[in-house]
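In TrEMBL this protein carries:
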- CYS81, CYS86, HIS189, HIS194: Zn(2+) binding site (BINDING)
- 1-12: compositional bias 'Low complexity' (COMPBIAS)
- 1-22: region 'Disordered' (REGION)
Amino acid sequence: NASSLLSGSRSSKTFKPKKNIPEGSHQYELLKHAEATLGSGNLRQAVMLPEGEDLNEWIAVNTVDFFNQINMLYGTITEFCTESSCPVMSAGPRYEYHWADGTNIKKPIKCSAPKYIDYLMTWVQDQLDDETLFPSKIGGCSCPTRDGPSRLSHALIPACCCIPGVPFPKNFMSVAKTILKRLFRVYAHIYHQHFDSVMRLQEEAHLNTSFKHFIFFVQEFSLIDRRELAPLHELIEKLGSKDR
């Protein structure tokens, strides 16, 4: 899968610190499930919501995973993405991005690609670290069985440990969509401005696997507007046609 592929890549250097999902949590189990299904090679199937699972939680776990993947991919090419080589944040000659986060920077500012990506990844990190937006403790019951603890989402059973947990907020989906829309821009910048460096580093298989997983995921749940995907439209068509 993309995550394990990436961990064996040239550089384990990440651009920002890796975001870890707590071991033993249900989200950790979901991540392991995602990694196992990715290993099957059928990406269209791997991105589908597992039976009986919560859509918000599935999107949260995968969003964290994509942040970590892009973090690692961009970390391998930071030396080539500089103020002088990339004075604007672009994805080819037709697409340029200006940064605003609505809080610290309200009016979009034109800045270099490394500056933009630094703003972007720091902003994403802040969202992922916000327990009110991305709760790591989802409600449920952990009940001892002969095989060890199991998670049951239904009624309290004697000797079970039930935690009320923190629900996902009402605006979770719109925040997740904004995160994914912005993470896409990092892929777009890498493909348009740094693909030659990626090839020299022999990282193109990692980049392509990661991006294909990302695109199939956002398509499955309609998370990014088609107009936003325009900078990589041809590549997306090509990736999709191989799976038809």
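Each Cβ is built from the backbone N, Cα and C atoms, and glycine gets one as well.
Annotations in TrEMBL come from automatic prediction, not curation.
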Output field, Zn(2+) shell: CB within 8 Å of site CB centroid, site CYS81, CYS86, HIS189, HIS194 dropped: ILE77, PHE80, SER85, ALA113, PRO114, ILE117, ILE190, GLN193
For CYS81 (Zn(2+) binding site), nearby residues of its own chain (Cβ under 8 Å, 6 or more apart in sequence): TYR74, ALA113, PRO114, ILE117, HIS189, GLN193, HIS194
